[in-house]
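This report concerns only the one structure given below.
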């Protein structure tokens, strides 16, 4: 029984109170429920409607932020999260397909987690879109928060607006002053903000940087002279401001949404103080004047409400009074809307049900019925023509019954027909005909008027279904970027939903290849060589090299031509040898300069092979002749060959970590203190000391100064003296008088020696002054104190000069410091004696040849710890004009652009000991002190330490479990669900209080819950064959057959009774009993008769099929005969119907139904369609699904190209593949793999690209499916190829399938055909490749 949908439920409650929620209505497949293998209902089970779409004016947090905040204080036992954790939304870095899952970030940290499988319905998919999440999927919505709405914000930020409510403000700023300069104040309510700062020198580092602050002076980014190099998104109210980062030639700030507070755009100018080039524009609202807009009731006519006999209305428009322009309806709110103007339309026709054809009467004689073919028709009143239209136009009328009563002509003398002829067409609507004879006419001498002419039916339409026809895909892009090329498209023969062989479509096949003409190709054009720079001896000459296009040679930018094929613009020249002023002795051979017209040329260094520590970098070095061509290296043997490889170091892989200083080695005087210094990596794990920079290793010991040691005295000391200690005098007469001392005062000097004083008085027993104390025992009133040596000026070595000639500057570090390394500010040393920290250098004039020019060093990139200083180094002529770097490298090596520097000590987090647990039993909290410390000082605001690495100040604790007032009580186990073959049994659980009374389960949530379900009767079942009664013999005489029903049943023992349950035949062991047996009756009379066999199985396992049996004419003795009467001959085939159309959904399900079978193709139901899947590993516990690629291995392969150019800056043969290239075949990662089948993960609908079961690697290493690459060229010249062709499999690539390029100079040219079944790509680099963006999987879907 097929299933059918029930009625829709009413729409439920709205998911949001404002901001655009969702209501849901549902229906079930229960009228009736599908039974006995019947199909489940087809169609949607849920429908959605928008609700509460008005904006949330009072809501401070956005809706996703509220959902994250609901988990505040819940740490989910994640290690390192405090009990008072606060959750905020995570937007960036989330995949498009996961936007409707609730990802929340720990506030103040980069760690984030998925807290719910999906957000609440109505939550925006992201901050940059109007689309909303419904049932975990992102669906289209407008800015009006309505599902499927097309409403969008105009440039003024008005939803559905017409750009009339705002005006554009634009301007520029190019004034330079050191520090922050205000560019423009952008008021609240502004939209479409676009601010751009164009680099002064065409490079990203021009020392001008954009910054934004609010009206309170707080910087939103790039404040406090700290600049972000990378892209950032800053939230201002509900708006998102995007910042490109400073590492761009055009630095940009943009925001399309309306900002709710004023912001101030500033430009930070430092360094060389080049003039900034800031260009800005934004839109601000226009102050409306009263009575500026009005309603116009006479707008254009809208469509007619009905196909016939309908109404149409004029659209009411809102017009601007000044120019009658149509504006948004929002502008006319508050004024009375006029009545709608209505008129009749389409009155010249009517729509009604039309009877197209009637069948013949089902009764040949007497009362019967016939069927009517009905359709909805549009009938014209003017010409009476009838046109078939969609049935929905007649939905308002009652549809007539498709049957009507009729009377068959009981008089056999009516029309008598011949058989129908073949249809005139096999498809597309044809006609079939038959002959008609009036029987009464034969009796009446041929008069056909005796029969009713209206009943005469000699022709009728047939085969009205559409013919197979050609279908075409979209044209591909032109295969060339310039000049003449070709574009392709796919053409196929389609019939309904199926693709047929091309021979079924008769008309000519549409063309699949077409010529295309792109813009003319650009090429290099060279001018004549100029004069030699010298009149004698070696020199050089130059020529113009331009990138031109078109027959007139229009000059365009060099970037439009292939840089790898650019001709050289300089060459060596020598007009004549210069005459020597000294005579040449006879016999001395003058060396020929012809052999020296060569020189070494070299390119730029590659990036360092290591991101930290020591690595290598390379460059190409080649010997060139005077024409710029490559010469043999022996021709340059007389010149020193520049190195092609060198050691490089970007930054040390580790960093030094220092532990606490030990206590001073002495208790008085001068000693030393030590500390441990270890090298750690970025995960704070100790590594070898060689991983850190030895030059930056902190000191492991330093001097320490304690108080001065007491000098030895010859006087006897009765009792050691200490502050506030009384010394009693034992002399007679003064036994109650004693010396008392006060505390020591401050040292008279902070360094290089000093003294301290204290008060010493004589007192009686009551504390009054006395004078009878013994002088010999009087304590000292003064002592020397040592606060360590005074700080002195310490200076380092002079740095490099900023210029090699013409007067530069060199600097050195000068600090005020003690010998133990302790730093002081400059005022602690004699300021007049401070050595100079900069002086002039290289004051000699520059030569006429090019030389290196260096800018001053920048400030250190780190305010504390290790950092870098950088400067600009360029090659200039004597006049200061830029020159190619090669011209300077002949004279001196290029000065360094970067060097290490070190700021002060970085502040660190310090922690105290954990306190006691707040609870003596159960869950509690422990607290400890966490503070930020720089040297020995605490930072009160903790501003110096990174909040991300702040240690937790509290943690959960549990000393022991608290005694509970509640406990679980278990009931008795119920009867097992099965007597054998693994069943289950249940028992009741109750939560009891201390009075043994049942309470709600929530009171026992802290107690271990006992199991309430368990397995039982795991022993295997017994199966027996059950046989039915034999039927009667199939023949009444002679040889016949009897049959009986055979079934396999499970024996279940219940209370000493046996019960039988029907099981699959495969469960019973052994050969089943016979279900057929012959029966021999009396011999039949000796007559020829038809003998039939038993009906065979149905031709299909589900749906309508055919059954066949043998039909033979035999004589009485069983011999075949041909004398049986032809009528009535038993039928040899008949229609059969098998309702069981269930298809399994996985190979594992096939295995569970049929047991272990051989690996082969099977039909599975995947996303509602029956598709052929190859099941592998059917003899194992984990069968796997594979897609058989019907297009073959030639259309499904991956390649890592193995050739590498000797000169990787070239792209020979215009990028085409040439095996005779100037290459070497040594790329170790090369390989080519073809695929016959690919593994399919049905749960995720992903192809697993690294499954090699049905792949073949023809050479080299395995290459994953959908992957290509090479190490061929660094000039954008990819050679690695891959191809995917899923045609004929029923699958196609998912719409969001993309490829990413990886490696150096990586290029990926991937073309995905429109129908999604085919992809081709060429990828590579030096070295580079492309892979699916989803990693080792490739998402697919059903076509």
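Using the three backbone atoms N, Cα and C, a Cβ is placed for every residue, glycine included.
Annotations in TrEMBL come from automatic prediction, not curation.
Over in TrEMBL, the protein carries these features:
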{"type": "DISULFID", "residues": "14-51", "note": "disulfide bond"}
{"type": "DISULFID", "residues": "18-56", "note": "disulfide bond"}
{"type": "DISULFID", "residues": "29-41", "note": "disulfide bond"}
{"type": "REGION", "residues": "711-733", "note": "region 'Disordered'"}
{"type": "COMPBIAS", "residues": "721-733", "note": "compositional bias 'Polar residues'"}
{"type": "DOMAIN", "residues": "1143-1343", "note": "domain 'GON'"}
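Annotated features, which come from TrEMBL, shown on the structure.
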residue : record         : Cβ neighbours (10 Å)
14      : disulfide bond : 19
18      : disulfide bond : 17
29      : disulfide bond : 18
41      : disulfide bond : 18
51      : disulfide bond : 20
56      : disulfide bond : 17
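The Cα atom of residue 41 (disulfide bond) lies nearest to that of 14, taking the disulfide-bonded residues 14, 18, 56 as the candidates. In this structure, the C-alpha atom of residue 14 (disulfide bond) lies 15 angstrom from that of residue 56 (disulfide bond). Looking at the domain 'GON' (1143-1343) alone, the prediction's average pLDDT is 90. A Cα-Cα distance of 8 Å separates residue 18 (disulfide bond) from residue 51 (disulfide bond). Here the Cα atom of residue 29 (disulfide bond) is found 27 Å from that of residue 51 (disulfide bond).
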